[in-house]
């Protein structure tokens, strides 16, 4: 179908019924079989939409007026929901979000993975799905001569200046407000991305939800931080719980937030938090799950699926700072963790020592290279756990798992599409998907975490 053949043109107004939702939360309507994607519309709704873009085979629209609203529609409580790109689903009731996430996982398992024998469990949600994030990464800029800090507008690098975010912990909001106020007062310039000038690029606040400890990270374009001494004193005075104030220097013209150089300006290099009974040291650049309450739910589910009795050897691929490894070590005979990022492995070893685990061993490298080496050394894994990034497992890693033939594979996923793709590879290699459990780690967003378990067929 060419653009000329599309049954709609740009700026047309059409009356449609929303049939479904996409993976990024947009409503799907059909006009003579032509798909129209309409953000912030819900299944079952009848509405008038303006066509804003026409492409080959599909187009985009925006809601003009609602004719019949869904019973799942709610008033978004956040005043900047329609501008900010942080949340996508505040117009949808929380129960409906949980059903949507379960359906998304079920649909992609069937469509991409051709896995039809498994019924995905209902999504495990939060009792209090607000204020859950323990980390805020806030871009800083300038507008009309004044410093601003907030979050990016959806699909742009335009900063929405804000003092509060309803999914951030209140302590993080307080840090951002105080630093923004102090920087304005002291005349510290925000970063101009286009011209690559100004001082303060980002403010990062990290909060240990179970310890109350706070870290403030100031990411600057250069080494120089004007009024550094005064700024540190004032931050410490304004935020009594602060345990660490850190500067990270990022001189590059890049979208990457952190630079290579990090130095402690005041206090400790680490703050601490706990998930369950396990304590974790968190540095400025450590990867640590942003919703510790649901992380425990996710890891407890992974443990249940691993079905450990105390006699098993477990490999944790993509182990990060050792969060899942240490959970597994509570019930396994021995755990081997592998991760490509050297700093993460340093943190993992530190966390193992911190908690007194002697049955964990960590290695730096590509899992698909390290695991065959372990196998050659006589390591036989009963269970392999994978927790890959959004792109899913490396093809070579999946081959390695199939060669090692563990009894069970536990797959922790942050992307249902790559989960489905990888489960298909494992099923074709002799495994059977037994169970899939979505966990809502990021309420009010379209992000979906889930954990699946596969067992080796006879």
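Every residue gets a Cβ built from N, Cα and C, even glycine.
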Pick from 382, 387, 394, 407: which one does Swiss-Prot list with 289, 318, 339 for the same S-adenosyl-L-methionine site? 387
When secondary structure is assigned with DSSP, how many helix, strand and coil residues does the domain 'TRAM' (5-65) contain? 1 helix, 35 strand, 25 coil
If you count other C-beta atoms within 10 angstroms, which of the binding-site residues 339, 387 is the most crowded? 339
Can you list the residues of the same chain, besides 78, 84, 87, 165, whose Cβ falls within 8 Å of the [4Fe-4S] cluster site's Cβ centroid? 80, 81, 86, 90, 151, 162, 166, 167, 444
For the recorded S-adenosyl-L-methionine site formed by 289, 318, 339, 387, which further same-chain residues have Cβ atoms within 8 Å of the site's Cβ center? 287, 316, 319, 320, 323, 324, 388, 412
Consider the binding-site residues 289, 318, 339, 387 and say which one has the Cα lying nearest the Cα of residue 165 ([4Fe-4S] cluster binding site). 289
